Amino acid sequence: MDTTVGTQPEPTEAPSPRKPIFDLKRAVHKVSTRDGWLGDYDFAWLCTPVLPWMKTKKSRAPPFYALDADLPLLLAIVCGFQHSLAMLAGLITPPIIFASALNLDGSLSSYMISASLISCGILSLVQMSRLHLFGRYYLGTGLITVVGTSFATLSTAFSIFNAMYKTGTCPTITNADGTTSKGPCPDAYGYLLGTSMVCSFLNMGLSFVPPRILKRVFPPIVTGTVIVMIGASLIGESGVLNWGGGSNDCHGRPETGIFQLCPTIFAPKPLPWGSPEFIGLGFLSFVTIILTDIFASPFLKNASIIVGLVVGCIVAGAAGYIDGSSIKTAPAITFLWVHTFKIRVYGPAVLPMLAVYISLAMEAIGDIAASAEASRVAVDGLEFDSRIQGGVLADGIGGFLSACFTNAPLSIFAQNNGVIVITRCANRSAGRWCCFFLILFGILGKLSGVFLAIPNPVLGGVTTFLFASVMTSGMRVLTYLKWNRRDRFILAAALSFGVGNLLVPEWYGHLWDGIDNPSAGLQGFLDSITIILETPFLSSGLVALILNLILPAEEVLESNIVVHEDGNDVDPEAQIADRAHDDPDSIDEKDRDAKKAPIEPVH
């Protein structure tokens, strides 16, 4: 009998039976039994605060609920609500900043907040799906990858809006005392939406590029630099300015006009920009975030931003700083398209917005990898590559649809990965409940009025922390570098432009003064270049991208120096040479081979 063992076939995974779309028996069990509602999850652990006088004891960690696990109904609702709280501040901040930059009225500003919440809830459902299209291509990641209005758009939008005010596209009001101020310009937001719709096709195209090529073109040296500069720009352009009283014209402390005081002279309790009262309110919110993270329960730790807003608003309301008019005028119920904007394309903004969408693709790749790691699924291989492809495609389609929903471009929110890690729940049922709560928050129009009534210093103290978290995420990406001479050179060159532009924003203000009477097309192109150069993360990211592609990879020779216990460096080849000089017979064959062996380069 032949006992030779031949090559065994690769084990194949048995196909899992398809689950019915709706299982009535399972649904009845879910809503009618204690196990269906609670399971064996330790809700006491989730909601117990960590107080200084409490004796901590080791407890069994809650079970980890994977993507397709049977999730208890109450846990799905609680985790979904926590996901919505973790991203709420990030969703309401961009529309508030957009409305403030364009001096829009209260009703329109309130609608923009509602539109942001509703559209992010709807498009998060698309991103969490994993719809098979054809071949190896999918739509969505199949993970809890929620989306929100991208912070990357804010810095670029500021440059675009400033260009529109300079060219007269947006009105400038001349006051009675001869001073000028920016007038309301909803058309500028319509231009931003229309340009976003056109540029979103770039991300759709990038989604069909093999992920390995995307990773090669956008390595951590590029993505980390971009994310760091996004956070740093937002701290200076919005966070700290609002902390001091307002990011509108009042921060210049003019001597006349409605912006003599912040936010305006018509506020319930206006004060000059940078007043200690404003600084104190923002500092209270900032410290509340820190204290919440130290002492609060795991549930509240991931909602620390909201806790900071609530505490700051309570104190600000008691001190008379809150104007409740936005709450009174906000509708009880609202939805998309209650207000609309004229969708048009602003030519000079096309190139900058294309760069924004490239940065969104870079963010998506990193955030999807973090989501996969937190969800305990594969972070390499074909399945992971398809998640990246589906996520980038959903980002591009989401950018188009979000503009249709009167909302700025979206990106995947990274902070929700922390919720997955803390709650040990990666099940998409929790993500769907998160989308439900976001849509509900948006439909309740009075809630948007409440968000709009948040005083600028309270919002500034919270968003400064939020934007610094974005900057920290970029630093974390940069830690993946080897920090050789090439990496340091690229980063130094990129930050030269980004940080220089951040500290001296008017650097490029007179770049084209020597060009007389340019044509409309040429002027639009020059404006595009100016917007890119005036946006710190675009200028630094572009430099990092180009240098990473053109600089040759650095070859490092492996050192033969050995450090002995006494701290002295000894070269083995020198030792061999010395012994050969003193006693040629002492050189053995191993030494001869070591001396002749070539040194292999380490890439």
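If you go along the chain as it appears here, the first residue is 1 and each next one adds 1.
Every residue gets a Cβ built from N, Cα and C, even glycine.
Copied over from TrEMBL, here are the features:
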TRANSMEM  73-102  transmembrane segment
TRANSMEM  108-126  transmembrane segment
TRANSMEM  138-161  transmembrane segment
TRANSMEM  188-210  transmembrane segment
TRANSMEM  217-236  transmembrane segment
TRANSMEM  278-296  transmembrane segment
TRANSMEM  303-322  transmembrane segment
TRANSMEM  433-452  transmembrane segment
TRANSMEM  458-477  transmembrane segment
TRANSMEM  489-508  transmembrane segment
TRANSMEM  528-551  transmembrane segment
REGION    569-603  region 'Disordered'
COMPBIAS  576-603  compositional bias 'Basic and acidic residues'
Answer key: the stretch among 217-236, 303-322, 433-452, 528-551 with most Cβ pairs under 8 A to the transmembrane segment (108-126) is 433-452
If one takes Cβ-Cβ under 8 Å and requires six or more residues beyond its ends, the residues near the transmembrane segment (458-477) are 89-90, 93, 96, 151, 220, 223-232, 234-235, 238-244, 247, 281-286, 289, 305, 308-309, 312-313, 316, 366, 414-415
Stretch winning on C-beta pairs under 8 A with the transmembrane segment (188-210) (pool: 73-102, 217-236, 278-296, 433-452, 489-508) is 73-102
Answer key: the stretch among 73-102, 138-161, 303-322, 528-551 with most Cβ pairs under 8 A to the transmembrane segment (217-236) is 528-551
Among 138-161, 278-296, 433-452, 489-508, 528-551, the stretch with the most Cβ pairs under 8 Å to the transmembrane segment (73-102) is 433-452
Given 278-296, 433-452, 489-508, 528-551, the one sharing the most C-beta pairs under 8 Å with the transmembrane segment (303-322) is 278-296
Checklist entry - With pairs closer than 6 in sequence left out, are the transmembrane segment (138-161) and the transmembrane segment (528-551) joined by 3 or more CB pairs under 8 Å? => result yes
